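First the structure, in the form of C-alpha cells, and then the observations on it.
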Amino acid sequence: MLEIFFSSSKLLKTFTGHTNCANSIDYLTLDDTQCICSGSADKTVRLWDIETNQQIQSFNRHSGSVYCVKFSQYHHYRNNRRVICSASLDKTIRFWDVKNNRQLKLLNEHTSAVCRIEFSSFSGGRYLCSVSYDDTIRLWDVETYKSLHIFNGHTKGVWCVDISPLQNNNNDNDNKSNNIGAIGGNGYTICSGSIDKTIRIWDIETIKQLTVFKGHEDNVNCVKYGSNKLRNIDGANTIISGSSDKSVRLWDIRSGQQIQVFNGHKYSVYTVEYSPFVVNNIEVGSSNVICSGSSDNTIRFWDIRSNRSELYIIDGDNKDYGILCLKFIQLKSNNDNRCGTNLCYGSYRGPIHICV
C-alpha cells in the first residue's frame, strides 16, 4: 500500500481561507458529512466540508493564534453534540458548539499560551490534557470543565503532548476494567515535549513523573505514542518525536533510551505521525512507517526498523513555505483513491491540502 500511495500520490483538494499559518487540523464525520477543522495564526477556528471544499463555519473569539484544534469525541458520543475544542496563544481553551454556532465553554486557568491539547483514549474522551508556555501540564474533566491535576517538572514552556493509547483489555464504551483509579485512567500515561529539550512521561493517576528522555538538541515540537500494531518492536512502549534540531527520534519508554534517530530534514520538524501504510506486504494496520512534516516544506516517510534515509519525500507547494501539521484520514471511496488512505496537511501560509 505504501508503494501504491507513492506511485499515485497527487494533490486532491486544497482548502483556502486562513490568512496565516494553519497550525492544527483534525478530522471527523458529522451527520454523514466528512469534515476537517483547523486552527490558525489568524486567530480563527474553521470547519470545512471535505466533499465540497467549502468552509462551513468560522469561530473568531480567540484573541491570539490558535495552536491546536480537536473534535471532542466525548460530546459526540455521549451527548450527541458536535463540539470543537481549541487552544490558543491567548491563554485559553475554548469549546465551540457547531450546531448552534456559538462558544460553549471557556477554560482560562493557564497563565500563558496554551500550545496543545489531547483528549483521553479512555473513558470515551472524557478527560482533556493541555500543555502551556507556563511550564505546566493540566488534566481537565470535560464533563464538569474542572481542572483535576497539574503536572510540574518541565523547566521551560511545554509545547506538545500525547496520551497513551487505549489498552487492549478495555471496552471503549464503558472501560469497566479500568475504573480502579480516581479518574478511570489507571495505567495510562501522558507524554510531553518542551522547549527545555526534554520529553517526559507522567502517570495520569498519581501525577508522578516516570521518565525523562534527553537527546534532542533544541525544542521538542511534537510527540506521539506508538501502538501494539507495530511490528518487530514493542510498539506500545515507544514514542516518536520531532524537534527544531531537524531530527525525528524513536524512544523506548521502559529503558528510557533512544532507539533510532532519523536525519534528513533541513529545518525544524513540527509534526510526526505513525503511518497507516505497510511495507513488504505486511498486513494493513501493522505499519512500520512514520511520517514527519517540517518547515523545510517536505513530508518524509521513514522505516522505524532501519536507520537509513527516508523511504519517500512529498514536497509541499512552492507557496506553502513549510508543513506545520498532518493527519491521515479515510475518505469515502472514489476512483482516484486506490489505496483508501489520504494525507491531509496544513501549511505555513495557510492552505490545507489533501493528497491521494
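Any Cβ shown, glycine's included, is placed from N, Cα and C.
All annotation found in TrEMBL is predicted automatically rather than curated by experts.
Values in this document were obtained by computation on a predicted structure and should not be read as measured data.
Long-range Cβ contacts of the repeat 'WD' (15-58) within its own chain (Cβ-Cβ under 8 Å, at least 6 residues beyond either end) map to 64-71, 76, 82, 84, 86-88, 94, 96, 98, 101, 324-327, 329, 331-332, 344-354. Residues or ranges marked as repeat 'WD' by TrEMBL: 15-58 (among others).
Look at TrEMBL and you will find 59-106 (among others) tagged as repeat 'WD'.
Taking Cβ pairs closer than 8 Å, the repeat 'WD' (107-150) reaches residues 64, 67-68, 70, 72-75, 77-78, 85-94, 156-167, 170, 172-173, 175, 178, 183-185, 188, 190, 192, 194, 202, 204, 207 in its own chain, all 6 or more past its ends. The repeat 'WD' annotation in TrEMBL covers 107-150 (among others).
The annotation repeat 'WD' is assigned in TrEMBL to 186-212 (among others). Tertiary neighbourhood of the repeat 'WD' (186-212): same-chain residues 120-122, 127, 129, 131, 135, 137, 139, 149-151, 153-164, 167, 178-180, 218-223, 225, 239, 241, 243, 251, 253, 256, selected by CB-CB distance under 8 Å and a gap of 6+ residues from either end.
Helix, strand and coil counts under DSSP for the repeat 'WD' (213-261) come to 3 helix, 24 strand, 22 coil. According to TrEMBL, the repeat 'WD' annotation covers 213-261 (among others).
Residues or ranges marked as repeat 'WD' in TrEMBL: 262-312 (among others).
Note on the repeat 'WD' (59-106): its mean pLDDT in the predicted model is 95.
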